[in-house]
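Participant: If you look up TrEMBL, you'll see 1-17 marked as compositional bias 'Basic and acidic residues'. The region 'Disordered' annotation in TrEMBL covers 1-71. Feature annotation from TrEMBL assigns compositional bias 'Polar residues' to 39-58. Per TrEMBL, transmembrane segment is recorded for 99-117, 129-150, 171-199, 262-280, 292-318, 338-362, 374-399, 419-446, 476-501, 507-527, 547-568, 588-610. Among the features that TrEMBL reports, Na(+) binding site is placed at Gly105, Ala107, Val108, Asn112, Ser348, Asn380, Leu446, Asp449, Ser450. Residues annotated as disulfide bond in TrEMBL: Cys211-Cys220.
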Amino acid sequence: MEMKQPMMKNREDQNQDKEEEPQENGRLVAGSSADKGQKGSSGPGQVSNGYPSTSPQSPRDGAGTGTERVSGPTNFRMLIVQQTSLDPPRETWSKKMDFLLSVIGYAVDLGNVWRFPYICYQNGGGAFLLPYLLMAVFGGVPLFYMELALGQFHRNGCISIWKYVCPIFKGIGFAICIIALYIAFYYNTIMAWALYYLLSSFHSPLPWTMCNNAWNTANCTRYLSTDLNVSWTNASISPAEEFYTRQVLQVHLSPGLHQLGAVSWQLALCLLFIFTIVYFSIWKGVKTSGKVVWVTATFPYLVLLILLVRGATLPGAWRGVVFYLQPNWEKLLSTTVWIDAAAQIFFSLGPGFGVLLAFASYNPFHNNCYKDALVTSSVNCLTSFMSGFVIFTVLGYMAEMRQQGVETVAKDAGPSLLFIIYAEAIANMPAATFFAIIFFLMIIMLGLDSTFAGLEGVITAMLDEFPHLLTRRREWFVLGLVCVCYLGALSTLTYGGAFVVKLFEEYATGPAVITVVFLEVIAVSWFYGTTRFCNDVQLMLGFSPGLFWRVCWVAICPCFLLFIIGSFLAFPPEVRLFDYLYPFWTTVLGYCIGVSSFICVPSYMVYHLLTTKGTFKQRLLKSITPEPAGSPGPHRDVIITNAV
């Protein structure tokens, strides 16, 4: 970065040189009342030195008091220095709607469709909504709001932002990037499964409706609404379940995690296609991904509406709705219900993954992120609630058809709920091929939005941390990142890949990201300080967060996160998939994968203390002191100083 300084005249020469042109690209602006009337006014697109302003930036980026000047008997003058940076200006969203749809697409993912309905009925039905809403109001939404405001003010990714907040916590950013890679290793595999189903949906009849295929067993029971003479027993296996386990996953060829087997070439090709879409959607930045989400974020709502209307017209749908919403107030006395509510709202809104910081950093400085946080979090929660109706109207129909209880039909959770139960229900509907195509397209698009966001969080973090190395090579960096994610996902494409997906989901990401967010809240609220943070928000929005938000950030959110961490440590989950119970060594392996990301936080703390100059007390003080907003760095455009 270069900055050309103007030549300062002596006081006795000021009068004779008043009319001279300014030296270089700085200028003295007279502060007298006479000059104020003539030169002080600046248009809405200019700062007071006559240079056109770009989109509003943070004080670090040159906004703030650019139009203020000092006048009075002391005749102060303001020196406004225009900086010339070799770095390109920071990219911004083309439209406000691009940002909103990107955030909604990130928050509304596959978990809204399969996890929330299952957890809701398992934890008291309608009674579960009470702890869910309380956890959202006091825990999830404040964290969501904090990350949006933090990213928008400092305009940096999850790594470089910490030098302006609390430098010693910079390891949080590296931990977030590693967690995002782990998620990319398994999350996109679920989309590969959905793509396999989508391609299979063009066969007529649908392949998961027949029992005469090569992968079927003797226990396969074809049970459609027209098969009145067929009875469903406990030993029966639906053709949809066998298609999922024996044809798509082929888990019967793997005894467990100790012997995963070969890579399924069909799934490998499906995943390659998914990552190709991902690459060409994010390779140019938010300018391209912001356009893609207009389709990927809105299409799932259209499909959900169609499936909701269709499901409501099925016989027995009311049984599923009653089972979904019938409150069991006694469940609220169980700690498990509150733990599940806290975990669900946290992972649904998704703070701590670096995505909200990255997306908000591309906003105009004065964008109302407070309103954005309330709108997007409300849309996310309402989508989860509506998805429950979409799922349980179909489960009620399946229970009616099998003459079983809804709780028996709804025993499957996670992806099995979509790929077995819902796929089988679709096969029983008129125009089954049409509904299968739009349903699995919806699953793919729900996943794509989250993948765009997760990888954009990593890309933004790395480009902001190493701007001179990566900014002009973004396309190549994104290509390398996508290739790493694809290679890392190969273990999930094996015959035992479903076991790897479950291991990553349970251990590798959940506990680590909750711990990282806990440290993030502590760093912002206690070290950076809520007063300073609220002043930043007031500078952006024109109003300061109220007492409710301050209390949440200082006390309630840390307790909220500690509650989830403590419950996980006190009640470690018993992980089971199909008939495979995960042995103890897999639990140790899962914790090691989780620690491998979190270890970045203490490691960087030690590194920072060792490399900082001075006594230990000076090092510690410097490590927790944020850099001033006007310090040199990328994207600094204007520096304003007062001179006599």
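Note: Cβ is positioned from N, Cα and C throughout, glycine not excepted.
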Participant: Quick check: which same-chain residues outside Gly105, Ala107, Val108, Asn112, Ser348, Asn380, Leu446, Asp449, Ser450 lie with their CB within 8 A of the centre of the Na(+) site CB atoms?
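Facilitator: Not counting the recorded site residues, we get Ile104, Tyr106, Asp109, Gly111, Gly350, Thr383.
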Participant: What stretch, picked from 129-150, 262-280, 338-362, 374-399, has the most CB pairs under 8 A with the transmembrane segment (171-199)?
Facilitator: 262-280
Participant: Check for me, if you would, whether the transmembrane segment (99-117) reaches the transmembrane segment (419-446) - at least 3 Cβ pairs under 8 Å, residues 6 or more apart in sequence.
Facilitator: yes
Participant: Pop the Cα-Cα gap between Cys211 (disulfide bond) and Ser450 (Na(+) binding site) into the table, whole Å please.
Facilitator: 35
Participant: Could you name the stretch, out of 129-150, 262-280, 374-399, 476-501, 507-527, with the greatest number of CB pairs under 8 A to the transmembrane segment (292-318)?
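Facilitator: Maximum Cβ contact count belongs to 374-399.
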Participant: Could you check if the transmembrane segment (507-527) is in contact with the transmembrane segment (262-280), meaning 3+ Cβ pairs under 8 Å among residue pairs at least 6 apart in sequence?
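Facilitator: No, the transmembrane segment (507-527) and the transmembrane segment (262-280) are not in contact.
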Participant: Just give me the nearest neighbour of Cys211 (disulfide bond) among the binding-site residues Gly105, Val108, Ser348, Leu446, Cα to Cα.
Facilitator: Leu446
Participant: Given Leu446 (Na(+) binding site) and Cys220 (disulfide bond), what distance in Å do their CA atoms have, once rounded to a whole number?
Facilitator: 31
Participant: What else in the chain is close to the transmembrane segment (338-362), if you only count residues 6 or more beyond its ends and a Cβ gap under 8 Å?
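Facilitator: Beyond its ends, the transmembrane segment (338-362) has Cβ neighbours at 90-93, 99, 102-103, 106-107, 111-112, 115-116, 119, 122-123, 128, 131-132, 134-136, 139-141, 143-144, 146-152, 154-158, 161, 173, 176-177, 179-180, 183, 286, 332, 369, 377, 380-381, 384, 453-454, 456-461, 464, 510, 513-514, 516-517, 520, 560-561, 563-564, 567, 571.
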